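> Before we start, here is the structure in question, set down as structure tokens.
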Ligand SMILES: *Cc1c(COP(=O)(O)O)cnc(C)c1O
């Protein structure tokens, strides 16, 4: 093992890191399941899991062993060769997603870039010279130039003009706005939406998941690709393997990342039906996409989610957390929303300061998004006892605050 010990970070110490993040002045040196630990051994309950990434919890022994064994065997050979673990990972992902073709990338944004390329290719094949994609207000699709252009958040786009002109924006959940856009823009070829908006504030459509069915119908009617961004909602997060499985529809294009690697950087863009075959030889690629190591991690994560019945657990324990929050906060002016282990508590006022209060006073790691929404993204395999622990800390936090 390494004999390097890092000095603790001093608050006034100059850093060479680009100042792109507003970081909390705390670091964790170790994790186990739903808990994180600082150097001095203080334990924190993690209801954020690295932003919906470590769905199986921290330092999962099966994943850790797979990484260690593969790292000591073979990490990377390139996509110039057959990679049996990549084929096996794709087989597993096809099984749980219902999709046909899979391309492995390294992040969420990169997966969405793949989806946008697929939509452009689809349009080009139909003689559309400047294909357009419908996206939603308050959406988040990533930080690359195309995905930030797709994102419905001015802060993400500010200063990065020119944006790509692929996108037409409609309110999330508004089906009539989509039909109106269809009348105005004959060059629309696809829709890209999140089943539940994560960064936007755990927003579900007013009509619930039937929004996805309505969007599917419109896509069929106009011969558009239905593309779902399940980078945050996928991999068991909402109590189904993918959130669209709360409905009877299947998208044409599906993207995921975050929980797919449990902390290892991987992503995927998947196709079925009329989207199959659009990206052929030479049309897309990635040096690191689907390395031997990354693919083995994906395979092992999916296999572990299946063996632990973690998706069912997310539905049951997540449902319990939502019910308890609604009951115990009934006298407060809050709205609890979400599915499975993707839960938002809409407070009546801006509450960004709750992140520090939760951390320092309740040893609880949470996130606040969209200004006034407490966002909970606990491990999908969280136990009932841990959920009670979470509820106790959270109810005390919110009761003290409101
Ligand atoms: C996190 C996220 C992304 C971007 O993923 P990165 O891995 O940060 O590029 C895109 N879409 C959604 C819905 C996300 O939650």
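Yeah, the Cβs are placed from backbone N, Cα and C, and that goes for glycine too.
Whatever TrEMBL says is automated annotation, not expert-curated.
Quantities reported herein were computed from a predicted structural model and do not represent experimental measurements.
Pulled the feature table from TrEMBL, pasting it below:
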- 108, 109, 140, 229, 230, 231, 232, 287: pyridoxal 5'-phosphate binding site (BINDING)
- 143, 286: N(2)-acetyl-L-ornithine binding site (BINDING)
- 258: N6-(pyridoxal phosphate)lysine (MOD_RES)
> Is any of the recorded positions 143, 258, 286 within 10 Å of residue 232 (pyridoxal 5'-phosphate binding site) (Cα-Cα), and if so, which, in sequence order?
258
> I'm trying to understand the geometry here, so how far is the Cα atom of residue 287 (pyridoxal 5'-phosphate binding site) from the Cα atom of residue 143 (N(2)-acetyl-L-ornithine binding site), in Å to the nearest whole number?
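Between the Cα atoms of residue 287 (pyridoxal 5'-phosphate binding site) and residue 143 (N(2)-acetyl-L-ornithine binding site), the distance comes to 20 Å.
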> Where ligand 1 binds, which of the binding-site residues 108, 109, 230, 232, 286 are close by, with Cβ under 6 Å?
108, 109, 232
> Where residue 229 (pyridoxal 5'-phosphate binding site) and residue 286 (N(2)-acetyl-L-ornithine binding site) are concerned, what is their Cα separation in Å, rounded?
20
> I'm trying to understand the geometry here, so how far is the Cα atom of residue 230 (pyridoxal 5'-phosphate binding site) from the Cα atom of residue 286 (N(2)-acetyl-L-ornithine binding site), in Å to the nearest whole number?
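That separation, Cα to Cα, works out to 20 Å.
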> If H, G and I count as helix, E and B as strand, and all else as coil, what does DSSP give for residue 108 (pyridoxal 5'-phosphate binding site)?
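Reduced to three states, the DSSP call for residue 108 (pyridoxal 5'-phosphate binding site) is helix.
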> Which whole number of Å gives the largest C-alpha distance between any two of 108, 109, 140, 229, 230, 231, 232, 287, the residues noted as binding pyridoxal 5'-phosphate?
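Pairwise Cα check on 108, 109, 140, 229, 230, 231, 232, 287 gives a maximum of 25 Å.
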> From the recorded positions 143, 258, 286, pick the residue whose C-alpha lies nearest to the C-alpha of residue 108 (pyridoxal 5'-phosphate binding site).
258
> Could you state the whole-number distance in Å separating the C-alpha atoms of residue 286 (N(2)-acetyl-L-ornithine binding site) and residue 231 (pyridoxal 5'-phosphate binding site)?
18
> According to DSSP, collapsed to three classes, what secondary structure does residue 231 (pyridoxal 5'-phosphate binding site) have?
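Looking at the DSSP assignment, residue 231 (pyridoxal 5'-phosphate binding site) belongs to neither helix nor strand, so coil.
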> If I take the alpha carbons of the residue listed as 'N6-(pyridoxal phosphate)lysine' and residue 231 (pyridoxal 5'-phosphate binding site), what is the distance between them in whole Å?
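Cα-Cα, rounded: 6 Å.
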> For residue 231 (pyridoxal 5'-phosphate binding site), which residues in the same chain are close in space, meaning a Cβ under 8 Å from its Cβ, but six or more apart along the sequence?
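When sequence neighbours closer than 6 are ignored, residue 231 (pyridoxal 5'-phosphate binding site) has 108, 111, 112, 255, 256, 257, 258, 267 within Cβ distance under 8 Å.
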